[in-house]
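Feature annotations, reproduced from TrEMBL:
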- A:Asp427: active site, 4-aspartylphosphate intermediate (ACT_SITE)
- A:Asp427, A:Thr429, A:Asp901, A:Asp905: Mg(2+) binding site (BINDING)
- A:Asp427, A:Lys428, A:Thr429, A:Glu586, A:Phe633, A:Lys656, A:Arg690, A:Thr771, A:Gly772, A:Asp773, A:Arg875, A:Lys881, A:Asn904, A:Asp905: ATP binding site (BINDING)
- A:45-111: domain 'P-type ATPase N-terminal' (DOMAIN)
- A:927-1177: domain 'P-type ATPase C-terminal' (DOMAIN)
- A:87-105: transmembrane segment (TRANSMEM)
- A:111-128: transmembrane segment (TRANSMEM)
- A:306-327: transmembrane segment (TRANSMEM)
- A:362-381: transmembrane segment (TRANSMEM)
- A:959-979: transmembrane segment (TRANSMEM)
- A:991-1011: transmembrane segment (TRANSMEM)
- A:1041-1062: transmembrane segment (TRANSMEM)
- A:1082-1100: transmembrane segment (TRANSMEM)
- A:1109-1128: transmembrane segment (TRANSMEM)
- A:1148-1167: transmembrane segment (TRANSMEM)
Amino acid sequence: MAGSSGRTKRKIRWSKLYSFACFRPVTTENDPSQLLGQPGFSRVVFCNEPQLHKAKPYKYPKNYVSTTKYNVMTFLPKALFEQFRRVANLYFLLAAVLSVTSLAPFQPISLIAPLVFVVGVSMIKEAVEDWHRFLQDLNVNSRTVKVHIGDGEFIEKPWQGLCVGDVVKVNKNEYFPSDLLLLSSSYEDGICYVETMNLDGETNLKVKRCSEATLGLVNDQSFGLFRATVCCEDPNPHLYTFVGNLELKNASFPLCPASLLLRDSKLRNTDYIYGVVIFSGPDTKAVRNSTRSPSKRSRIERKMDLVIYLLFSMLLLISLVTSIGFAEFLKTEMIKWWYLSLDDNDPFFQPQRPEVSGFLQFIRALILYGYLIPISLYVSIEVVKVLQAMLINKDIKLYDEVTCKSVQTRTSNLNEELGQVEMILSDKTGTLTCNQMEFRKCSIAGISYGGDVNEIDRAASKRMNVDVESYCFSIDEFETASQSCEMFEFSVGDISTERAILGGQRHEQNYSSAENSRISNVEEEFAIKGFNFRDGRLMNKKWMYRSNLSDVTMFFRVMALCHTGIPVEEDELTHKLKYEAESPEEVSFLVAAQEFGFQFFRRSQSSMFLKEFDPPTGKEVERKYKLLNLLEFCSARKRMSVIVSDEDGQIILLCKGADNIIFDRLAENGRSYQQATTLHLSNYAEDGFRTLAFAYRKLEAAEYEQWNSIFKVAKTTIGPEREEVLEKASEMIEKDLILLGVAAVEDKLQKGVPECIDKLAQAGIKIWLLTGDKKETAINIGFACSLLRQDMKQFHLSLGRETATIPTNNQLKAMKDDILNQLESFHKLKSEEGNDNAPLALVVDGKALEIALRSDVKDQFLPLAVNCASVICCRVSPKQKALITRLVKEHTGKTTLAIGDGANDVGMIQEADIGVGISGMEGMQAVMASDIALPQFRFLGRLLIVHGHWCYKRISKMVLYFVYKNIALGLTLFYYELYSRFAGEVFYDDWYMALFNVILTSLPVISLGVLEQDVSSEVCLQFPALYQQGMKNIYFTWYRIIGWIVNGVVASLVIFLANIYTFSPNAFQKNGQVADITHLGAMTYTCIIWTVNCQIALIINRFTWIQHLFIWGSIMIWYVFLLVYGAFPPAYSQRGFRVLIEALGPAPLYWAVTLFVVVVSLLPYFIHIVIQRSFYPLDDHVIQEMKHCRKDVADKQMWERERSNSMKMTQVGVSARVDARIRVLKEQLHHKKQLIYRSVTSSPIFRSLTNSPA
Amino acid sequence: MDAKDGASDLTSSTKKKSRRPKYSQFTQQELPACKPILTPAWVILIFVAIGIVFLPIGFASLFASEHVVEIVNHYDRDCVPPNYVDNKLAYIQSSKTNKTCIRRVTIPKQMKSPVYIYYQLDHFYQNHRRYVKSRSDGQLRSKSNEKKTDTCAPERYTANGAIVPCGLVAWSLFNDTYKFSVNNKQLGVSKKDITWKSDPKKKFGSDVYPKNFQSGGLIGGAKLNSSIPLSEQEDLMVWMRTSTLPTFRKLYGKIEADLEADDIVTVTIENNYNTYIFGGNKKLVLSTASWIGGKNCLLGIAYLTVGGLCLFLAISFLLLYLFKPRPLGDTSYLSWNRSAPGGHIY
């Protein structure tokens, strides 16, 4: 309630503006009301009679919205089903079931426990994630809203309690609980302002207005007896359509989309509204528009499935060999083995029916060799991913001080996918920009103010100066170094002032630009929101010393008068006002005007009041301007005008609009600044500023009156031609304008966005910008983020004309041809260009995109789009965003990442391989749908380039190692069968086997998965090009996978053969003892433990104490286990009794064989990495070596050179832009040098010097 | 009201502050670490080191193995009387045939005591699953477990009760016997300490006596003296340690006397055990033992081979590094420099 004092100032209601406005929102449909009652349009709502909706046929769902996957009942079956869709899990389930029968080679517990653990962990994870979703739902569903309960009484109710037909009252800045039909608002004419950013990403406020029939319902009491019936369309996902009829007191009123308030949008600038619930809960358009979040799996995990299948086929193969071999030997040999006395009816050993025994043996073998399928891989990966996610969440460098939030990995199974992203699809508002406009620069009367040298130029000249030193020595020998340097400085200065020369005031400009660049060097935080402008020539009322004072004044007047804003609050200390307006641009203009001394402080029904600084007197005077007409801004007109008369009765038309629109309407004598202004415009545009041109026109009273009468007629026109008539009328007056200048506002980028985009671009990631905003804005942001630059070839794909209605088939075909023609011409242009180096940029309009993504056009469209360095899609709907994402993903097969902050990005976030939500903003929908929530866009760079890179390498190394490790163990079991006529005896003790994946080899691989780093995070960020290893997936190719399988096979062979041939049949101890099955099992197993643990030591690049502890500890644990196990009495330890201290330990042969086996089984891999590292090093190897030799410190120049080399392929981003700029500068320098050379050589002095004999 | 709001604001702001992740070397992944890199020097050093370690071990074990004297006498074929050569089965299965067989072996080198006597069987699958599991360790351990024969199928009990020791393993006990004499002088065969020490102490009970053994329909192998407890039945204990591979040796006994070179040892063999049916071989082995056990050239040769190979690799890598050197951190190998002139394309 503290803010109410400010609100009392609002005597002037926004809606009043519309009494001047020429365009009211009108329905464009022909007459959709005739559709009512037909299929698809059958809904009936009894307003204010929710009790009628409690029973059929008018029973509609409650307003409860659920995004959870499961509920209490469905959790168990659904989650179990999900789990056992994984083939490996199904296999283990089967094995566990069989383990209770006599078929199993192991104890049941050793098969059931890991399965229960794996499935249990995954299910708990699912449950926890779903629980969080439920809590978020609960939070949304229990928000409260005022609901009418009869007799004009309103009480607070939770959202979920709402019913169709309820009348609700929504206050300012509250979200609408469901789709409401607007009945009336705090404004007398029943309009309200709505922010739909969450729905479609558009930032400007939308005007909604109620039907005239319900205008009278102005207060709570009037609803006591209110009854009405609404017939309307059935629930559907179309955000921009609504067809309905309101029946009130036997009269019928048509309803249009303008009176429907959608869930997930927000009431703005309106104190309160009354509405009736039309669609509730799952019927609302916002919910209908959302899709269920799919469960995502990473690329590596999907490939891992294939690896598992490969191992499966290996398993099947050796099981088959086992069973066939067994049956064969059973029939031919074993029958003769009297010591087996095969005469009873043991089904496993029936020589009479070898096929039955063989089949049983097959099933047994499937379980026996199950160690080939790493069940623990799933557990370990889950554990590792959770730990990885924890480390990502804990990264201080991903913590945002402002919002006090850190990164939040909501689903941990995509960690490694972060290292393989090839394409980022980004939302604009709220993601790249903070939806805040700042007044940055202006060009008044052909002079540009507000700093001239931009960041790019500064960076370029800075880098050039460094380079110049080396450059100096290479140039013509008769010029001294100092001369050339001087000349270069001159040339840089020249370029930045060239425009000024055109402007015609050379000296002054030269001076001021130097001053400006110095000013802009000093980065100062501006206290005034929306105003980031510094220029000594204008600030502090200095503008009054300018020439063209009248134009300057008029410029400021346009800023202060040509708008729809209102002052809302006054700062007590500075007496500065705050404003509210339809778009943030207008606010920034008002703020700027105030700063320049033109404070707009009051608006009345028909007047606007300014506090103007009057240059002749030097005092502040209050002036009143009568507002005669307001020609409203709309996207088709791209301009807005006000017609005011000042205190002297002079009628002036003030106009602001897009530059080309204004330039077309200039008077002959109004073009004096056009040339200079155009130049400034292009500069501003390149800096990514949004520009608006200002112009004015003085009107004679007679002319105005004549026009006004026409306009009045137009305004009262009713019917479809109204728009056209109005357009014509405004055309008549908005002409013969006099150009004043342009103002540039910056759609403020979020902190660190350009740098982040730069890094991502260097990493080779393509960035697509998808925005609901209009094309100009999108292009501006493209420039601001350096996604676009001036020397890029821009393709614009758009439809010739826009059609609001649903197109007919013929129109559709025409549009398709249009698009196809455009695409063809692009292709032609591209091939004509010839050089592939020229970066391309594609700008697509939403409507054109819709056509371009149709099945028969997309094959032409997508290849072109993918080839472009940057792609900007503007005016795209949420559905289109999702569609683009899916098509790009499917067509290119590339890993996509979508990042956004609002509900309009949800589709895209869910569709992409990785969805990232921005959690800094208030809306939670994007975060709820996302896989990873970031507080700010700028953290994306570190998340991908550091954590993604690490996680990718970790997981791929881990999976490969797992495959190796299990093959190394599993195959020895098979070899043993070869030596026992496939009889199916297990080589190792059950305990050894059970411990293998749980204790003896699990911790080192987890430490690999969590802590491994090829290079440190700093180096990752210094060399973003390293990221491409993940994009190319060079660590998980089939070549590598097969390589590791072969490595595992080799290791198992070495281990097995070395053991059996050294230990059998001779004695292995000095006392003549020979080894039995237990001894040999323990010996072989020792070798396996040593080998697999030493193998991981060879993989790991970075040893902290943890890795050392885990690796060497695991080996130690094996011996400790043998000791402890052997110390138990034989009743428990069975044949493992005293195996180490009695048999193995005292035998030197045991230790000798261990050493031998470890060295030999690791030798092939070792030789492989030695050859690779020595002669075919990968990038990370070389960089490791550079770091190792401390070359980054010792040879800084080389380090920097390599850093810049690594990014020379990038085409977007700040650095690329600086590079491009440097190229241009160098060319100019070269050109200039040649000129000088020519002038010098052709000068008579030089000739005389050279011609004169030495 | 305002004051309260302010207070709650304050608490919430301090609460927010605490959300900042705490710094620790672990969570920031900045733990001090060593990052070993395979430089040429290391590569050569490692190969040389392996060579240096492996060659002596190889020589030592080869030397030890050479010192072991081993005599293998393959007797099953020769011990069949000529008239039974075509029908060995009938010979071995008949209880009437004379199973005694005299073999003479010449000692090639002096054999220091103890000389270990082994019998070696080929193609005998003691590692067969049906065989391996057909025993009851509990029954062997203590008298109280006498009835525990459920794992012993099909040799579990006779009409008189449970068999002790039950199961196929015990039932098929090896029953050839050897007697040795040198120059007509009987050589004592010691059966003491031919088992692992833990066997008589912990695994075979001193209160367990053979019972109903080899009294069923089918006679497998040797019979046991039912007045001697299992813990003293050394042959049984040796046999019960099932072998890994189908070719195996088991200790028969020890000769606690030196055998001189060129001595002729006369072995009197009672050839009872039926290996003829499945084509297995029986061999008598006399062997001494060194620190690596019996005669085992394989390990020594393997060690020498690998040691030599590593030295060879060390030299070849040294040469490679000399002739085709790649400076550490050579930037021309970086992928982005490879397409540039001077870069390495592969």
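Using N, Cα and C of the backbone, Cβ positions are placed for all residues, glycine too.
Note: the CA-CA distance between A:Asp427 (active site, 4-aspartylphosphate intermediate) and A:Asp905 (Mg(2+) binding site) rounds to 7 Å. Cβ crowding, taken as the number of other Cβ atoms within 10 Å, peaks at A:Asp905 among the binding-site residues A:Asp901, A:Asp905. Taken as a whole, the domain 'P-type ATPase C-terminal' (A:927-1177) shows an average pLDDT of 90 in this prediction. A straight line from the CA of A:Phe633 (ATP binding site) to the CA of A:Thr429 (Mg(2+) binding site) spans 21 Å. If one looks beyond the transmembrane segment (A:1041-1062) by at least 6 residues along the same chain, the residues whose Cβ comes under 8 Å of a Cβ in the stretch are 307, 310, 960-961, 963-972, 975-976, 979, 1068, 1080, 1083-1084, 1087-1088, 1091-1092, 1095, 1149, 1153, 1156-1157, 1160-1162, 1164-1165, 1168. The binding-site residues listed here (A:Arg690, A:Gly772, A:Arg875, A:Asn904) include A:Gly772 as those with a Cα within 10 A of the Cα of A:Thr429 (Mg(2+) binding site). It is A:Asn904 that, of the binding-site residues A:Thr429, A:Arg690, A:Gly772, A:Asn904, has its Cβ surrounded by the most other Cβ atoms within 10 Å. For the transmembrane segment (A:959-979), the partner stretch with the most Cβ pairs below 8 Å, chosen from A:306-327, A:991-1011, A:1109-1128, A:1148-1167, is A:306-327. Relative to the transmembrane segment (A:1148-1167), the listed stretch A:1082-1100 leads the set A:87-105, A:991-1011, A:1082-1100, A:1109-1128 in CB pairs under 8 A. The number of other CB atoms found within 10 A of the CB of A:Phe633 (ATP binding site), across every protein chain shown, is 22. Taken residue by residue with DSSP, A:Thr429 (Mg(2+) binding site) is part of a strand.
The list of residues near the transmembrane segment (A:1109-1128) in space but at least 6 beyond its ends in sequence, with Cβ under 8 angstroms from a Cβ of it, reads 991, 995, 999-1001, 1003-1004, 1006-1007, 1082, 1085-1086, 1089-1090, 1093-1094, 1096-1097, 1100, 1136-1142, 1144. For the residue listed as 'active site, 4-aspartylphosphate intermediate', other Cβ atoms within 10 Å of its Cβ number 28. Every protein chain shown contributes to the tally, and the Cβ of A:Arg875 (ATP binding site) ends up with 24 other Cβ atoms within 10 Å. For A:Asp901 (Mg(2+) binding site) paired with A:Gly772 (ATP binding site), the C-alpha to C-alpha distance reads 13 Å. Nearest Cα neighbour of A:Asp905 (Mg(2+) binding site) among the listed binding-site residues (A:Arg690, A:Gly772, A:Arg875): A:Gly772.
The list of residues near the transmembrane segment (A:1082-1100) in space but at least 6 beyond its ends in sequence, with Cβ under 8 angstroms from a Cβ of it, reads 957, 961, 964-965, 968-969, 972, 987-989, 992, 996, 1000-1001, 1004-1005, 1007-1008, 1012, 1051, 1055-1056, 1058-1060, 1063, 1075, 1107, 1111-1112, 1114-1115, 1118, 1122, 1136, 1139-1140, 1144, 1150, 1153-1154, 1157-1158, 1161-1162, 1165-1166, 1169. Secondary structure at A:Gly772 (ATP binding site), as computed by DSSP, is coil.
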